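As recorded in TrEMBL, the features of this protein are as follows:
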REGION    1-26  region 'Disordered'
COMPBIAS  12-26  compositional bias 'Polar residues'
BINDING   Asn55, Lys56, Gln57, Asp58, Ala129  GTP binding site
Amino acid sequence: GGVKGRAKVNEEQTGQSSPVAPDNSTNRLRESLDLFRSIWTNRFLKTISVILFLNKQDVLADKILAGKSKLEDYFPEYNNYQVPGEAVPDADEDPQVTRAKFFIRDEFLRISTASGDGKHYCYPHFTCAVDTENIRRVFNDCRDIIQRMHLRQYELL
């Protein structure tokens with residue numbers, strides 16, 4: 001019994017326009033997506049759900065609003081990206097910031113839903129250091145992960 005496994009991946013969105021390769025061919029967000037893909041598809045982690053912390057949202061917002069982050073330079077598909085209808089922006093959030101953060105979230109979710117096997121789930125959270133409400137959301141996701149694990153164990157899911 002008990003929780004047999006857990007995985008946590010922290011991602012910083014602020015590096016999304018920062019190159020990491022010596023030839024400037026790869027940026028940090030692309031590298032994070034590649035790392036996430038390798039974790040998500042790892043054969044030993046195929047049944048482990050992930051709580052994904054998309055951290056430093058305040059810094060991302062500052063970069064977007066200052067024009068220092070051009071997602072479309074690294075992700076041409078961003079030009080045609082539409083914010084999902086169910087997306088709930090933060091109060092007083094600039095639409096550019098909402099669009100950028102949900103695009104980044106959806107890039108991770110695209111990876112996590114590609115297998116379509118339903119054996120593990122990704123729970124993304126936008127976070128920053130001053131977000132006290134986030135603990136409640138993370139707790140709820142942990143409870144959901146444990147419930148799904150037990151339902152699967154008894155073949156009810």
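Note: Cβ is positioned from N, Cα and C throughout, glycine not excepted.
Curation plays no part in TrEMBL annotations; they are all automatic predictions.
Structure with TrEMBL features highlighted.
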| residue | record | Cβ within 10 Å |
| --- | --- | --- |
| Asn55 | GTP binding site | 19 |
| Lys56 | GTP binding site | 19 |
| Gln57 | GTP binding site | 23 |
| Asp58 | GTP binding site | 15 |
Which state, by DSSP, holds Lys56 (GTP binding site): helix, strand or coil? coil
